[in-house]
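This report concerns only the one structure given below.
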Amino acid sequence: MDTFSDLLAGFAAALTPQNLVLALIGCVIGTLLGLLPGIGSTAGIAILIPLTFTLDTASAIIMLAAIFYGTAYGGTITSVLLNIPGEGESAITCIDGYEMTKKGRAGVALTIAGVGSFIGGTIATIGLVLAAEPLADLGLRIGPPEFFSLVIVGIALLVGLIGESVVTGLISASVGMLIAMVGIDPIAGLPRFTFGSAHLFDGVSFVPVLVGVFGLGELLANAGGTARRPSAPTLRELLPTRTDLRRAAPAIGRGTGIGFLIGLVPGVTNAISSLLAYSSERKISRYRSELGSGAVEGVAAPETANNAHANAALVPLFTLGIPTSPAIAVLMGAFLMNGLTPGPRLFVEEPLLVWTVIASLFIGNAILLLLNVPLVGLWTRLLAIPYPVLSALILVFIIIGSYAINNSIIDVYLMLFFGVVGLVFRRLNVPLAPLVLTLILGPLIESALRQSLQISRGDFSIFLTRPISLTLLIVAAVIVVSSVLGSRLKPQGKADLPTDATV
Amino acid sequence: MTESQVSQVARPTTPPPEAGDLTQDGARTQPRELAAAVAVPVLLLLLSVCVVIASAELGYWTPIGPGPGFLPLWLAVLLGAMSAVWLAQRLRARPAPPEPAEVAGISEDRAVEPHDEPLRLKQVFLVLGSLTAVTALLEVLGFQLAMLLFLLFQLKVLARRGWVLTLTLSALGSFGVYTVFAGLLSVHLPTSSIPLLRSMGF
């Protein structure tokens, strides 16, 4: 079958009433997570994974994926109206978005952001459709050594780009990986670090760890705080003028390109895409002098880029089996829990499932456009919920999510422990993204490493004698070395970069 | 009075740092954060030593390649080395006790960044304590009753909301959530281990 008929079959499966409703629920939850403080998409998806156990795999993934890209829409609302980024990737939108709000043009900003997000997301999904099979073919030729080196590049990028320092980044990555080591060892079948507890023979489930680190950790860091309430924004008119559209169009185009390309790179989060899109506007836009004082390009470019990124980030997941960001890593975890390993084989083994999920991305982006643009007034009212009330309700779901994964109280205690870890790491500016990536990929990294060394009979040069693997390792080394050397230059550029606490 | 003003006023009269009861302002958090900044790398260093010892017992190499202890050992070595570097960085960066004016300046600058806000330790312990309590009660009272108590505490005591809102949200968050999750979504939630309560459906 060719790509087009595959995609049509995917649409047929994605358009069933059940899958449509689940996509809608996912989009609503995603928008909420993006909008409300205290919990981001990583913890959100992790909490909801247990709730999808009763669904069939395709439906579960459709809903969880919708949550993932839905958060990128929701985060815009608070950035524009309140100058508070609900999610890291919307941080840069605050600059011009909030200026537009002060000028009474909040409605226009949100409409442009919604339309830009839709265009960026849709074009990136078309890119996914076109790139999927050729890349998956390539992926099939990748052996354990190349996979191992590719993951190392991903970790190097996360460690080098986000966070304060390479040192804390590596600490985070090794802690995540060590947690993943708990349980029965995949080759010799020996229990490792289980402290004699039968519960830990299956390993530490990533759900309580992530819910703790990202959900509870964030709530604890803000405990007793009060979130700012919106000063009832006047959405005078949602319809942008013709000038707005004419000015936004090129910015949306550039944002799509940047977001899509950056989204393909493992280890780079969509906060980077929106930042790059904004800085490219600052350099090449015709209206660059107006940026910073409420220019429509300053909203259109980053918002488009982060949605293009979110959808493009699924390309490496589906074709190579590499998650590019923490939220995608959790999504990958959901695949793994359903007995599916994302990667090139998935197109061979479960073509309908993959194409159904891809088709649902188109549908989800359309749903989000409808949800966000005309209904934006409804969402803003939710922002009036006082933070302590909100956090009490989120805590209920945090407990349910960590309990329901294995029906075990031990997991709830684990979640509490990792909540404290998350709080401490946040306070000390230890980046959390490397931890997620190694936690979820841990077993795969270990298998790849050990299989490689079995192929070479214990000779480590296998990683250097295979050209793809060698190239990837050189790239990783360059990234780490340059970020160590460049750390003195970082602070100025860093000021704009959001921490990954909100991922 | 803003936080910076508080620290500006409080600092000269308050001997640093243990005395004084300014638990909620910036003046007290600085030494505490510094202590944590040193304690955490030390703990991680200890963890890495434990892991190295434990991995050595697992078997480093087998005839067919790396053994179960291979990767944990090297990870622990990496973790240990990085923690040591981090500790050294922290100790070197540890500033002398700042002048009052500086304290005010710093807290003003930092107010922009959410993670540099003073941590409200009392609130953190209240949330953690109530979470531990509700977790312990989940399999005793069952999800519904345990969560009802938890929400009553959270909303009435911590969030200081009115009774109407507290009772409505507590009932929705406990009985309502249970009905939806256990009933409609067939998610298993804990039930009571006390026969009488269980016979009542909790």
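Using N, Cα and C of the backbone, Cβ positions are placed for all residues, glycine too.
What TrEMBL annotates here:
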type     : residues  : note
TRANSMEM : A:20-49   : transmembrane segment
DOMAIN   : A:20-437  : domain 'DUF112'
TRANSMEM : A:61-82   : transmembrane segment
TRANSMEM : A:108-132 : transmembrane segment
TRANSMEM : A:144-163 : transmembrane segment
TRANSMEM : A:169-188 : transmembrane segment
TRANSMEM : A:200-221 : transmembrane segment
TRANSMEM : A:317-340 : transmembrane segment
TRANSMEM : A:352-371 : transmembrane segment
TRANSMEM : A:383-403 : transmembrane segment
TRANSMEM : A:409-425 : transmembrane segment
TRANSMEM : A:432-449 : transmembrane segment
TRANSMEM : A:461-485 : transmembrane segment
- request: May I ask for the residues of the chain that lie six or more residues beyond the transmembrane segment (A:461-485) and have a Cβ under 8 Å from a Cβ within it?
  value: 142-143, 145-146, 148-150, 152-153, 155-157, 159-161, 166, 452-453, 455
Field: Beyond the flanks of the transmembrane segment (A:409-425) by 6 or more, those residues with Cβ under 8 Å of it
entry: 172, 197, 199, 204-205, 207-221, 398-399, 402-403, 431-432, 435
Message: Assess whether the transmembrane segment (A:432-449) lies in contact with the transmembrane segment (A:352-371), where contact requires at least three Cβ pairs under 8 Å among residues 6 or more apart in sequence.
response: no
Positions whose Cβ lies under 8 angstroms from the transmembrane segment (A:383-403), at least six residues beyond its ends: 35-39, 43, 46-51, 77-78, 81-82, 207-208, 211-212, 215-216, 219, 222-227, 229-230, 409, 411-412, 414-415
Message: Considering only Cβ pairs within less than 8 angstroms, which of the stretches A:20-49, A:61-82, A:352-371 has the most against the transmembrane segment (A:317-340)?
response: A:20-49
Query: Looking at A:20-49, A:61-82, A:144-163, which one has the highest count of Cβ pairs under 8 angstroms to the transmembrane segment (A:169-188)?
result: A:144-163
Query: When you check the transmembrane segment (A:200-221) against the transmembrane segment (A:61-82), do you get at least 3 Cβ pairs under 8 Å, counting only pairs 6 or more apart in sequence?
result: no
